[in-house]
Amino acid sequence: MASSSTLANDDWKQGLAAPPKDLRPQTEDVTATQGSRFEDFGLRRELLMGIYTAGFERPSPIQEQAIPMALTGRDILARAKNGTGKTASFIIPTLNRINTSLSHIQALILVPTRELALQTSQVCKTLGAHIPNLQVMITTGGTTLRDDILRLQQPVHILVGTPGRILDLGSKGIAGLNKCGIFVMDEADKLLSEDFMPVIEQTLALCPQERQVMLFSATFPWTVKEFKDQHMVQPYEINLMDELTLKGVTQYYAYVEESQKVHCLNTLFSKLQINQSIIFCNSTNRVELLAKKVTELGYSCFYSHAKMQQAHRNRVFHDFRNGMTRNLVCSDLLTRGIDIQAVNVVINFDFPRTAESYLHRIGRSGRFGHLGLAISLLTLEDRHNLYRIESELGTEIAPIPAVIDPVLYVAPAMVEEERESPPPKPAAIAAPPAQQQPQQRQRQHPPVPSHQVAHHSPAAAPIQQQQQQQQQQQQPQYQLAYGQGPPQPQVPFQQANSSPAPAPLPSYPQQAPTQAQGPAQMQSPPSEPATQPQASAQIPVQGQTPPIQPRAQQQGQQQPSQPGQAEGQSQPNRRPNTGGFRGNGRGQGHRGRGRGRGGQPGHPGAGASQSQQAQA
C-alpha cells in the first residue's frame, strides 16, 4: 500500500528529463542536513517539476531552514556562506506563493549588480518553467527605459532588478508596487551600505505595510541591525556561519615582484589543471591590460568591468557561463553572487583591499560544496593586508607549496583518469622533402625555453615539432573585442584537461595550451632570455609613475620639435652630454645643462649653457 502511494506521488516525474547527476564530492557546507526532501515542504506540483528538471536533489542546510519559514510569510534574516544555495532559498518559496491569475507585481527581488540580476531572473525562469503563465521581468541600469515601460504594460509577477532602476520605475508610477507583498534583498550587506540605503528606504515605502521582507547575505554589518529594527517584524534569524570561508576552497599566496606577476600567471596556467578560472584586478585599466597580456600568451580569455557597455557585459557573462572560454579577467564587479559551477580556480592578480572583498572573491570557486583553489599574488606592500584579512576572517592563507596536488581542486574521478591514462609513445614523424628546408632555417632561431614546452609533451615528441608549434602560436596577435581572445573548440572541459599529447593546430592561429596533468611542480621564475618579452611584461600600477627609461632609449623616441614646443623639451639630433662642471647656477661646461649636480661626466643638467643662450 505504501509502495503504491509512493508510486502515485512520483507519477509527476514521468516524462521529465532529469539532468545527469553531479558525481563530484561535496563538503559539509551543503551536506550537513537533517535529511529533508523538497517534497516534504508541501510545494506545488509545478514547482517540484522545475526543481527536479533543474537538477536539485536535496535541499542544502540554508534551504532546509529558510524555505519552510518563508512559506509561512514570516520575515527572514539569513546568513550563510557563499555558494551554499541562498538564491534558491528565497526563489522557491516566492514562486510557490505567486498567483498567476493576477496580473500585478507580487514579488520584488533587489540585487546590487546587473550580472547578479541577470542570473537571478534566469533561476526564477528555470525553477518556474512548469508554472503556467508565470511572468518574470528583469530591469537594470544601462538599458533603455522605453523597453521597460512597454514591458510593464503587460502582466509581471516577479520583478528582478537593481535599486536605482526599480526606484525610477516605481516613483514614476510605471511599476506598481502598492500590491507587492514580497520584498527580497540578496547580498543585503551591499544593498544596505551608504550608497544604496536611501534608495532602499524610498523603494520600501512604495510597498504595502503588510509585506514579507527577506534578507540574505554572507556578511551582515551593523547597518543590517538598524534596518531590521525599523522595517522587519520579529524576523526569523538563520546563522550558518560557523566559519566564514568555504571548507572546499584551498587558499594559497605567493610573494612576487610587480614586474614578474604576468610571468607567474603564465606559470600557473601551464601547471594547474584549470577547468575555468576567474582572475581579479583592482582597477578597470589593469583588467584590460591583463586581458591583453593573457591573450598574447596564447590563452583565450574574456574581460569584464563596470565601465563596459551593458550589452557587452551581458554577452561576456553569458559566453563565460556557457564555456566559450576558460579564463575571465574582471574587477570586483563579479565578486557577489555569481554562480558558475565550472570555476575551480580563482587568482587574485591584485590582492583585495578588504576582507569582505577577499571573502566574496574566493567564493566564486568551490560552488555548492565542491572543491576549489584560490591563489593570491602578493607584493611586499600587501603583506599587512594579508595579516589583517587573516585575522578578520579567522582563516589561514598558506604560502604556495612546491607541489599543488590536483586532489585539492579537481574532481577525484578526473584525477584518477589522468593518472591511469598511459603516456603516449614517441613517434618519429618524417617530414616531406618540401618541409625539410624550412625546418633547417628554424634551427637558427633561439630555442624555446624549456619551462614553456615541458608541460606540452611529457612523453618526448620531437623538439623540432614543438618549436614549430610554439612559433605558429606566437605569430599572429588578436585584437581584443570586449575582452575576447582567439576562439576555442567546443569540447567538454573534462576532455580538454585530459589531452595527453599536443595535437596539430586547428584552423585558427592561436589556441590556449592544454593544462598540465598530474601534480603541479611550482618552481621559482627562471631567468628570462632576451627572446621572451612576456616574462618582463609589467602592468603599471594605478597612480604610480612609469619607470624612467635609459637616456639612449629616450633619444631614440624623441620627436622633431614643433613650433610652440614648450621650453625644456628635447630637441632633435642633440649630441649626448659628454661632461659638465659644478656651477652655482648655470652649467659652464661643454653641453652642460646642470644645476648643482652637473660636476660629473655624463650627468645631464636642467639649465641652459651659455652657448645655447647665445644661439637663442
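All positions are counted from 1 along the displayed chain.
For all residues, glycine too, the Cβ spot is worked out from N, Cα and C.
Annotated features in Swiss-Prot:
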REGION    1-35  region 'Disordered'
MOTIF     36-64  motif 'Q motif'
DOMAIN    67-238  domain 'Helicase ATP-binding'
BINDING   ALA80, LYS81, ASN82, GLY83, THR84, GLY85, LYS86, THR87  ATP binding site
MOTIF     186-189  motif 'DEAD box'
DOMAIN    248-408  domain 'Helicase C-terminal'
REGION    416-616  region 'Disordered'
COMPBIAS  427-441  compositional bias 'Low complexity'
COMPBIAS  458-500  compositional bias 'Low complexity'
COMPBIAS  508-523  compositional bias 'Low complexity'
COMPBIAS  550-579  compositional bias 'Low complexity'
COMPBIAS  606-616  compositional bias 'Low complexity'
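Each of the binding-site residues GLY83, GLY85 was scored by the other Cβ atoms within 10 Å of its Cβ; the lowest score goes to GLY85.
Each of the binding-site residues ASN82, THR84, THR87 was assessed for Cβ neighbours inside 10 Å, and the highest tally belongs to ASN82. Secondary structure of the motif 'Q motif' (36-64), assigned with DSSP and counted as helix (H, G, I), strand (E, B) and coil, comes to 17 helix, 0 strand, 12 coil. Tertiary neighbourhood of the motif 'DEAD box' (186-189): same-chain residues 86-87, 90, 109-112, 116, 120, 215-221, 223-224, 336-337, 356, selected by CB-CB distance under 8 Å and a gap of 6+ residues from either end. Listed in sequence order, ILE62, ALA78, ALA80, ASP186, PHE216, SER217, ALA218 are the same-chain residues at least 6 apart in sequence whose CB falls under 8 Å from the CB of LYS86 (ATP binding site).
A mean pLDDT of 89 is what the model gives for the motif 'Q motif' (36-64).
Counted within 10 Å of its Cβ, the other Cβ atoms near ALA80 (ATP binding site) come to 23, all protein chains included. Mapped onto DSSP classes, the motif 'DEAD box' (186-189) shows 2 helix, 1 strand, 1 coil.
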